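If you check Swiss-Prot, you get these features:
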- Ala13, Tyr14, Ser15, Gly16, Gly17, Leu18, Asp19, Thr20, Ser21, Ala40, Gly121: ATP binding site (BINDING)
- Tyr91, Ser96, Asn127, Arg131, Ser182, Ser191, Glu267, Tyr279: L-citrulline binding site (BINDING)
- Thr123, Asn127, Asp128: L-aspartate binding site (BINDING)
Amino acid sequence: MKKWQNIRKVVLAYSGGLDTSIILKWLQSTLDAEVVTFTADLGQGEELELARRKAEMLGVKEIYIEDLREEFVRDFVFPMFRANTVYEGAYLLGTSIARPLISKRLIEIAKETGADAIAHGATGKGNDQVRFELSAYALNPDIKIIAPWRDWDFKSRTDLFEFARMHQIPVEKDQQGEAPFSVDANLLHSSSEGKILENPALPAPEYVHIRTLSPEDAPDQATRITLGFKKGDAVSINGKNLSPATLLAELNRYGRDNGIGRLDLVENRFVGMKSRGFYETPGGTILLAAHRAIESLTLDRGAAHLKDELMPRYAELIYYGFWFSPERKMLQAAIDLSQEHVEGEVTLKLYKGNVIVEGRQSKKSLYSSELVTFEDDQGAYDQRDATGFIKLNALRLRTLARRCQGNQEKK
């Protein structure tokens, strides 16, 4: 290809799966370029040495496989959860939040190895192409980016299978012996798309679920846990301090066993189309419920309501790929400031797909039992003060009502 004719070395975001293995071979054969592979361990639960062996089989000399789980949760997942972030009221952004970190390392490795370009396996129809590339350009405005799905002649995954067969690239099968769903996974979630899921009228088959038990098959006995928070981040489970990645992995285990975190969603992609995906976010679902509970105790009403107003915009920025944008950083600064006193413990009951808050406590609590009691408050609150409060707040409403009455009388 003429537009890539001067490229001699490319860093490829490589999962070891079918798509990126074909891309690796395509880059080698089409561009005659040396390919460096980068595989990020974000807690996807796969055997990453398999990716190394596949890369070696395809002739790759420089292979990067890095454990980024702690950085992923500490610097990306937790900051996002401080905002109680959900996209379109439901999606916990498990795929979206992983892309900036992968792009960051692609740019760094390109610099370390003297590569001319980076490459990714995102299709030309999806959000990930935008997320990868916006993040990369934010960190290196001059980087060259190769997106094979937008350049090659393959039109479908069937074409990919034929290319793989011709070049003896192994093709994975699902539990039914067929080509697998399009799956993305990390420590926060897993997502499945394609095949039968492309019809939003049909239910997802049970074998699609890879992270959770069915709620019907979950234990009949509830599980109770206590989650500890400091400055808005979860720091402990049942009194035991854990690192960010270890804590999320433990929450995933609790969520998996109790059938928590399944989501069947039709969402609006950034590129303009609607898509249907099936998501499993067991630990994240528990974390969100607990964080909202501790905030309810420690966050001032005005700050809490402002956060709720800002959150959809913040979620949209992450979903669209603007993690490194100035506006996301501005919002993050405000969100982080709001978390200064968000600390304490939340007790949760996990039962057959449900996360039920049973209690919350904090040394920084704004809750006053003296003020809200139905019993004698010993003078903590004078109910007669409410009369003036109501009159002042009703002033404009009464003025408007009188105007309406006057207009009706004139008729």
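Quick reminder: no glycine exception, Cβ is built from N, Cα and C everywhere.
On the backbone, the CA of Arg131 (L-citrulline binding site) and the CA of Thr123 (L-aspartate binding site) stand 12 Å apart.
Taking the Cβ of Arg131 (L-citrulline binding site) as centre and 10 Å as the limit, one finds 27 other Cβ atoms among all the protein chains shown. Ranking the binding-site residues Ser96, Asp128, Ser182, Glu267, Tyr279 by Cα distance from Ala13 (ATP binding site) puts Asp128 first. Ranking the binding-site residues Asp19, Asp128, Glu267 by how many other Cβ atoms lie within 10 angstroms of each Cβ puts Glu267 at the bottom. Those residues noted as binding L-citrulline (Tyr91, Ser96, Asn127, Arg131, Ser182, Ser191, Glu267, Tyr279) have their most widely separated CA atoms at a distance of 19 Å. In the structure as shown, the Cβ atom of Ser182 (L-citrulline binding site) sits within 10 Å of 18 other Cβ atoms. Following the DSSP three-state reduction, the secondary structure of Tyr91 (L-citrulline binding site) is strand. Straight-line distance linking the Cα atoms of Asp19 (ATP binding site) and Ser96 (L-citrulline binding site), rounded to a whole number, equals 19 Å.
Within the set Ala13, Tyr14, Ser15, Gly16, Gly17, Leu18, Asp19, Thr20, Ser21, Ala40, Gly121 that the record links to ATP, no two Cα atoms are more than 16 Å apart, and one pair reaches that distance. Here Tyr91 (L-citrulline binding site) is compared against the binding-site residues Gly17, Ser21, Gly121, Thr123, Asp128, and the shortest C-alpha distance is to Asp128.
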